[in-house]
Amino acid sequence: MAGRSERLVITGAGGQLGSHLTAQAAREGRDMLALTSSQWDITDPAAAERIIRHGDVVINCAAYTDVDGAESNEAVAYAVNATGPQHLARACARVGARLIHVSTDYVFDGDFGGAEPRPYEPTDETAPQGVYARSKLAGEQAVLAAFPEAAVVRTAWVYTGGTGKDFVAVMRRLAAGHGRVDVVDDQTGSPTYVADLAEALLALADAGVRGRVLHAANEGVVSRFGQARAVFEECGADPQRVRPVSSAQFPRPAPRSSYSALSSRQWALAGLTPLRHWRSALATALAAPANSTSIDRRLPSTRD
């Protein structure tokens, strides 16, 4: 197991995952440099060369995550999701640092050729739909080509459940209201509580796993409709207010996979503890007041 003497370097520290990862690392008293995307533009190769040093463990949380916006901003999406990670990988390889690159379930399309869907393994064939998905897969490929010892971690349906714009946060607010809420029932995946994901990434950093593509998501599979009803139940609202509809009733610029649940089997085989079941994680996320799940955007003190 790798020691805690290594400096943890977090990119995208102002985002949903990056801010929670930074907060968790601070609570654990780790030596850390956490920089927001405004402080560190990962599309600038000189920045990576300047910041990353020998022995660092870099966790790349920086990403262009506007799935629909990527359809009209392809160049930006590829710059942040593919070229930027490549710069990080090259810098890590050059100085002798480690790299954990966060990717997405969007690299899969849910087509099992008529067979019964089952959670995707890291070795399953990818088939990204849309600009965002293609840019994230390109990032994975660029990272591993530049630095084969890097670790790529795919996750899915990440949420805080707080005051933000993630699915659970939105459903939580709707549960407090009245009337019917229509939610698609033909998109199935692995909801992942951001706090659990942050802890999983730190465990991976400590384990020193290299040169692998792994999946890290809360256990279990559910549709968006089922997830929404679970949110209502946890909030004490009537789950019958949530009604199933098809994705065709909510057309979006970018396509969504019909099924993108992720298997944790390889995560466990790597000696890591799989994340708990999604329903247990959801209960934890919703047990606290909504505003308490939002991270203070002022980053904890870090040192160069």
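Even glycines carry a Cβ here, placed using N, Cα and C.
Here is what Swiss-Prot says about this protein:
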BINDING   G15, Q16, L17, D41, I42, A63, Y64, T65, Y132, K136  NADH binding site
BINDING   Q16, L17, D41, I42, A63, Y64, T65, Y132, K136  NADPH binding site
BINDING   T104, D105, W157  dTDP-beta-L-rhamnose binding site
ACT_SITE  Y132  active site, proton donor/acceptor
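Taking the features listed in Swiss-Prot, we show where each one sits on the structure.
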residue: G15; record: NADH binding site; Cβ contacts under 8 Å, 6 or more apart: T36, S37, C61, A62, A63, T65
residue: Q16; record: NADPH binding site; Cβ contacts under 8 Å, 6 or more apart: V158, T160, G164, D166, V194
residue: L17; record: NADH binding site; Cβ contacts under 8 Å, 6 or more apart: C61, V102, V158, V194, L197, A198
residue: D41; record: NADPH binding site; Cβ contacts under 8 Å, 6 or more apart: A47, G84
residue: Y64; record: NADH binding site; Cβ contacts under 8 Å, 6 or more apart: A70, N73, V76, A77, A79, V80, N81, Y132, S135
residue: T104; record: dTDP-beta-L-rhamnose binding site; Cβ contacts under 8 Å, 6 or more apart: A133, K136, R154, T155, A156
residue: W157; record: dTDP-beta-L-rhamnose binding site; Cβ contacts under 8 Å, 6 or more apart: D105, F167, G189, S190, P191, T192, A217, Q227
Fewest other C-beta atoms within 10 angstroms of its own C-beta: which of the binding-site residues A63, T65, D105, Y132 fits that? T65
Determine, from DSSP, whether T104 (dTDP-beta-L-rhamnose binding site) sits in helix, strand or coil. strand
Under 8 Å by Cβ from I42 (NADH binding site), counting only residues of that chain that are 6 or more apart: T11, G12, A48, N60, A62, V80, G84, P85, H87, L88
When you measure from the Cβ of K136 (NADPH binding site), how many other Cβ atoms are you left with inside 10 Å? 31
Other same-chain residues whose Cβ falls within 8 Å of the Cβ centroid of T104, D105, W157, the recorded dTDP-beta-L-rhamnose site, in sequence order: Y106, R154, T155, A156, V158, G189, S190, T192, A217, S260, L262
